[in-house]
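Quick one: this structure, given as structure tokens, is what I'll be asking you about.
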Amino acid sequence: MRLVPVLTPPLGKAAGMATTEARRECETEDCSKDAKLQCPTCIKLGIQGSYFCSQECFKGSWASHKLLHKKAKEEKNQIEANNCVEKDINTDPWPGYRYTGKLRPYYPLTPMRLVPSGIQRPDYADHPRGMSESEQFLKGTSQIKILSPEDIEGMRVVCKLAREVLEIAALMVKPGVTTEEIDHAVHLACTARNCYPSPLNYYNFPKSSCTSVNEVICHGIPDRRSLQEGDILNVDITVYHNGFHGDLNETFFVGEVDEGAKKLVQTTYECLMQAIDSVKPGVRYRELGNVIQKHAQANGFSVVRSYCGHGIHRLFHTAPNVPHYAKNKAVGVMKPGHVFTIEPMICEGGWQDETWPDGWTAVTRDGKRSAQFEHTLLVTETGCEILTRRLEENGRAHFLSQILD
């Protein structure tokens, strides 16, 4: 980038006074020479100052100076986003895209939220592409870690915190509330518990939770669309605390829903719980898909094949892979000390999916509804422990309370 000459209007010209020019010093540290050059990007962004004596001094200051540009751009984006929110502006982010169902995104999104610096962060939190180098290092391995007693206790703590956060989100689910508002509450609940919201900046995911409405299978991005009476909504929470991740999700009814939604959500929950009943040492991970698909198909539903459960502990996603469909080729046998998720995604129509142009939102290809439930599980000597189990209502999911109430 080349500096440009400083453009200084003559002072007092309109009053017929003698013109003077204020002396400016170079802003490079330890340089006090006269500065007659200015950064062109700063001029464009409206940043005051940014004067230098030479191109060499400018280059020498670039590492620190470019941070001014970043801050100014962030502030500009924040102002623009706030203006859109205040005016309730909704723009079409992908003109010409053929949506599979009735749901539409509500753009622009609000800016990515900040996490206080004192909260421990996963390795991807500040990576420019959100990449987890620790996960990449183990990518492709099928070796499943057996957690130590200390690690298991760390997982119990983080999963309890994750459950607390989901309970807060659950209280907000009703017609008229936006998923953006739910995400904001989730973010505050995480930081109040000294947790980092694991989805935030994970491979540049822009929010602190995933909110998936109706035909969205998973990874829905919270936005300013108001929830509608009759929607079904999945809220997926993962938190990071003291070096461990805890992961769970539930599907909720928004107000009164039709019988089809009730059957879909009930069956999806039963798929999860029947699979959990099968977890014990010596069981092959591939067997879980047989259990899930058998129950889903018996009720007239299909099982998503593109997304699966996963190992979780100090890494957000790791071995084993846990497919939810039958006759899969998952590798591994359950042993005490394994920790992983089961999170079946069950569809009203076909199992095929596609992804919105945001690169995240997975939707059913036929536009029909999908539901999901997830728990993080610890394999014990005799079976398993549901680490993310709800403490209230004897552990039952929220939708069951909605039906009974």
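Here the Cβ of each residue, glycine as well, is placed from N, Cα and C on the backbone.
Keep in mind the model is a prediction, meaning the values are calculated, not measured.
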Can you tell which of H219, H295, H310, H398 TrEMBL lists as binding Zn(2+) 4 with D247, E343, E374?
H310
Please state which member of D236, D258, D358 TrEMBL lists alongside D247, E374 for binding Zn(2+) 3.
D236
Counting across all protein chains shown, how many other Cβ atoms sit within 10 Å of the Cβ of H317 (protein binding site)?
20
Any idea what DSSP makes of H219 (protein binding site), helix, strand or coil?
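Where H219 (protein binding site) sits, the three-state DSSP reduction gives coil.
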Which number gives the other C-beta atoms within 10 angstroms of the C-beta of E374 (Zn(2+) 3 binding site), all protein chains shown included?
23
Please average pLDDT over the domain 'C6H2-type' (23-76) for the predicted structure.
79
